[in-house]
Amino acid sequence: MTAEIIDGKAFAARVRGQVAEQVARLKADHGITPGLAVVLVGEDPASQVYVRSKGKQTVEVGMNSFEHKLPADVSRYDLFALIDRLNADPAVNGILVQFPVPDHLSEAEIVARIDPAKDVDGLHIENAGLLASGQKAMVSCTPLGCLMMLRDRLGDLSGLDAVVIGRSNLVGKPMAQLLLRDSCTVTVAHSRTRDLPGVVRRADIVVAAVGRPRFVPGDWIKPGATVIDVGINRLPHEEDGGKGKLVGDVDFDSAVRVAGAITPVPGGVGPMTIACLLANTLTATCRVNGLDEPEGLTA
Ligand SMILES: Nc1nc(=O)c2c([nH]1)NC[C@@H]1CN(c3ccc(C(=O)N[C@@H](CCC(=O)O)C(=O)O)cc3)C=[N+]21
């Protein structure tokens, strides 16, 4: 058996199309153009690539894109002054501070400074708490994208065994909350989990978000399971003869022979993350204006 390969790129293009449609309607009916502000501190080349691609896609769906580049040694004071300005700016509906930030800045403090209603990363404690208590929240883009792909493939998720490998605030924890809300039986596994292979082998749904290249081999996968690979690991150049190949947290070549469906890296979860960032910006815009939630684009 060989798995269906879930085409995240095509899926993301569909999501962006839905976003663009609803942005056009917002403009026509209400004269509102959603705006997304992305803040980049320092000059990390990988981050620059993501930020550029986010800005381009934001404009493509008809939203305003505001890019703010700050020097790597920017003071906490100056960064917070910018966040305060963006919080107060009615043209800005979503704010994303690209992580990681330099060591002298605290990610927790930055997140706490962002208006929860504009927190399109879903990282603010208020949004984490709302999600955990089953209320309307801004939901982190990567788990939201994973949920969309799972629902698309499996329909009703209720009663399924789901394992999330990884317990980060950005991915693992919100992913577990979303799966629980869709009535899965959820296990959150991590580096201290005993018999991880045995735990993963029980799962109908495996979400791998550990950040270790090819960590999950095919023989941990239950035949027919749906495997969502969140990892984006760039292999050292010497291991692939030049380019720094991207691989996931799942060993794709062995897992694809066992799974029922699997997301590739690249071209799986990554493109969905950016599409969901745009979806979240649209959702935030609708909420702040007291309009109906965009259909099919929220958790
Ligand atoms: N506050 C914050 N929120 C984030 O969501 C956030 C962040 N900081 N910092 C960095 C990570 C990383 N991230 C990615 C998004 C899309 C792709 C993506 O589209 N990847 C392509 C491949 C791109 C390539 O070839 O390099 C793919 O998987 O097909 C990758 C990585 C969001 N992040």
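The backbone N, Cα and C atoms fix where each Cβ goes, glycine too.
Database features (TrEMBL):
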BINDING   G166, R167, S168, I232  NADP(+) binding site
DOMAIN    6-121  domain 'Tetrahydrofolate dehydrogenase/cyclohydrolase catalytic'
DOMAIN    140-286  domain 'Tetrahydrofolate dehydrogenase/cyclohydrolase NAD(P)-binding'
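Cβ neighbour count for I232 (NADP(+) binding site): 18 (other Cβ atoms within 10 Å of its Cβ, all protein chains included).
Confidence for the domain 'Tetrahydrofolate dehydrogenase/cyclohydrolase NAD(P)-binding' (140-286), expressed as mean pLDDT, is 96. DSSP labels the residues of the domain 'Tetrahydrofolate dehydrogenase/cyclohydrolase catalytic' (6-121) in these numbers: 62 helix, 19 strand, 35 coil. In terms of local Cβ density within 10 Å, G166 ranks first among the binding-site residues G166, R167, S168. Taking a Cβ cut-off of under 6 Å from any atom of ligand 1, the binding-site residues G166, R167, S168, I232 reduce to I232. DSSP states for the domain 'Tetrahydrofolate dehydrogenase/cyclohydrolase NAD(P)-binding' (140-286), grouped as helix (H, G, I), strand (E, B) and coil, give 58 helix, 26 strand, 63 coil.
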